[in-house]
Amino acid sequence: MNITFIGSGYVGLVSGIIMGYLGHNVTCLDNDDVKISKLNKKILPIYEAKLDEYLKHALESDRLKFTNIYSNEFRNFDAIFITVGTPSKELGEADLKYVYDAVDKVSKHINKDCLIVIKSTVPPGSCNNIIAYLKAKGFSFNVASNPEFLREGSAVEDFLYPDRIVVGVNNKESEALLRKIYAPLIEQGAKFLVTNLVTSELIKYVSNSFLATKIAFINEMADLCEKIGANIKDLSQGVGLDQRIGRNFLNAGPGFGGSCFPKDILALNNLVENHKIDCKILKSVIKSNKLRPSNMVAKIATLLDGDLKGRNIAILGLTYKAGTDDVRASPAIEIITILLNKDVYVKAFDPIGLENAKKNLEHKNLLYFASAVEACKSVDIIVIATEWSEFKELNWQEIYNLVKSPMIIDLRNILDNEVMKKIGFRYYAVGSQI
């Protein structure tokens with residue numbers, strides 16, 4: 001089928017490339033000329049495991065192209081997927097200006113049978129509002145909701161082998177078209193859930209907010225473990241082995257970040273407040289996660305006898321999680337910002353997200369390094385802020401010989417306590433007593 005993705009950011013790019021790989025004729029549009037030029041040269045603007053292989057395959061199969069121009073070629077498309085950003089406004093409400101801008105532009109170029117699919121994360125009721133908006137302008141296009149559930153770092157696998165495909169429609173024609181588009185995945189067993197527009201939109205918000213709640217809860221249980229001497233890793237495993245709960249998102253750490261969880265839980269909280277519902281759980285999760293970076297800094301300060309000013313601290317890991325170059329709302333960046341405000345000298349390293357971190361945060365007391373070993377030279381403490389597997393493989397004996405003070409605080413619980421102590425480090429992890 002002939003389909004287009006408007007917005008070649010993370011969601012649009014991954015979705016478009018894989019749809020091309022699955023056999024559809026795909027056009028990805030973005031208003032960033034530099035990005036489009038690079039993509040046409042097979043240069044990805046994001047890091048995502050295996051995505052470069054699928055990009056090459058789709059381009060060489062002549063099923064994928066990139067453009068920055070809305071044209072009459074759009075009249076040949078069966079569906080237009082809107083995958084632009086929906087950033088948060090000041091009070092947490094989703095800003096839909098990019099969605100409406102995309103809808104405005106495509107409506108002038110597509111045929112009357114083309115389906116407009118909203119894949120951007122939008123508040124419940126948005127698709128119905130878009131239908132009314134188009135009708136007021138004299139258009140009667142079908143509009144569907146199709147939220148994405150891709151995890152950065154494993155997005156290719158998530159798209160090819162999804163837990164479920166959710167679509168919100170208001171007629172059989174839209175459902176039939178989406179079934180055709182997703183046929184390669186449905187045929188291999190993917191669950192295809194059809195619901196109404198509002199429910200489909202709400203599923204995305206509730207899914208992300210529930211996962212954020214699991215993270216916030218286990219983080220607070222880690223604090224309890226520190227007080228009473230319980231083992232947070234064993235606790236997470238013991239709880240997660242219950243099939244009613246599940247093991248995923250029960251890893252204690254410095255809080256959740258990224259482009260989705262913080263934004264989506266704020267938007268859901270804004271939605272319930274607009275409907276006069278006092279959802280105390282959402283408020284508590286938002287507050288808990290907001291305080292988490294400060295709590296991590298407090299732990300670091302405790303290990304340094306309460307004296308942070310003038311200290312040299314290595315931060316290993318800058319992205320909000322491993323497997324991505326995304327530093328948006330990264331707990332590591334938040335922690336660094338707090339430390340810099342306390343006159344700390346920070347030496348930072350990340351295996352993938354270094355360049356994005358440099359664009360995001362600059363300071364006279366902040367130095368970025370091309371290797372973890374270099375970042376750790378002559379520091380008072382090493383902070384593991386992101387769960388990169390590379391950190392497990394570092395030559396920690398070499399690092400031990402380079403540091404000023406052999407102390408590690410592992411905010412992701414990825415290193416082996418006994419191994420670190422055998423080398424000579426004072427090792428502390430989230431959920432262990434300080």
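Every residue, even glycine, has its Cβ placed from backbone N, Cα and C.
The NAD(+) binding site annotation in Swiss-Prot covers 2-19, ASP30, LYS35, THR121, GLU152, LYS263, ARG328. Marked as substrate binding site by Swiss-Prot on the basis of similarity to another entry: GLU148, PHE149, LEU150, ARG151, GLU152, LYS204, ASN208, PHE249, LEU250, ASN251, ALA252, GLY253, GLY257, LYS321. The active site, nucleophile annotation in Swiss-Prot covers CYS260 and rests on similarity to another entry.
Where Swiss-Prot records a feature, it is marked here on the structure.
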{"residue": "ASN2", "record": "NAD(+) binding site", "DSSP (3 states)": "strand"}
{"residue": "SER8", "record": "NAD(+) binding site", "DSSP (3 states)": "coil"}
{"residue": "ILE17", "record": "NAD(+) binding site", "DSSP (3 states)": "helix"}
{"residue": "ASP30", "record": "NAD(+) binding site", "DSSP (3 states)": "coil"}
{"residue": "LEU150", "record": "substrate binding site", "DSSP (3 states)": "coil"}
{"residue": "ASN208", "record": "substrate binding site", "DSSP (3 states)": "helix"}
{"residue": "LEU250", "record": "substrate binding site", "DSSP (3 states)": "coil"}
{"residue": "CYS260", "record": "active site, nucleophile", "DSSP (3 states)": "coil"}
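Considering only the binding-site residues VAL14, ASN208, LEU250, the residue listed as 'active site, nucleophile' has ASN208 as its nearest partner by CA-CA distance. Fewest other C-beta atoms within 10 Å: among the recorded positions ILE17, LEU250, ALA252, CYS260, that description fits LEU250. The maximum pairwise C-alpha distance among GLU148, PHE149, LEU150, ARG151, GLU152, LYS204, ASN208, PHE249, LEU250, ASN251, ALA252, GLY253, GLY257, LYS321, the residues recorded as binding substrate, is 25 Å. Note on PHE5 (NAD(+) binding site): other Cβ atoms within 10 Å of its Cβ, all shown chains, come to 29. Nearest neighbour of PHE5 (NAD(+) binding site) by Cα distance, taken over the binding-site residues GLU148, ALA252, GLY257: GLU148. VAL14 (NAD(+) binding site) sits 9 Å from LEU150 (substrate binding site), taking the CA atoms of both as reference points. Looking at VAL11 (NAD(+) binding site) and GLU148 (substrate binding site), their Cα atoms lie 8 Å from each other.
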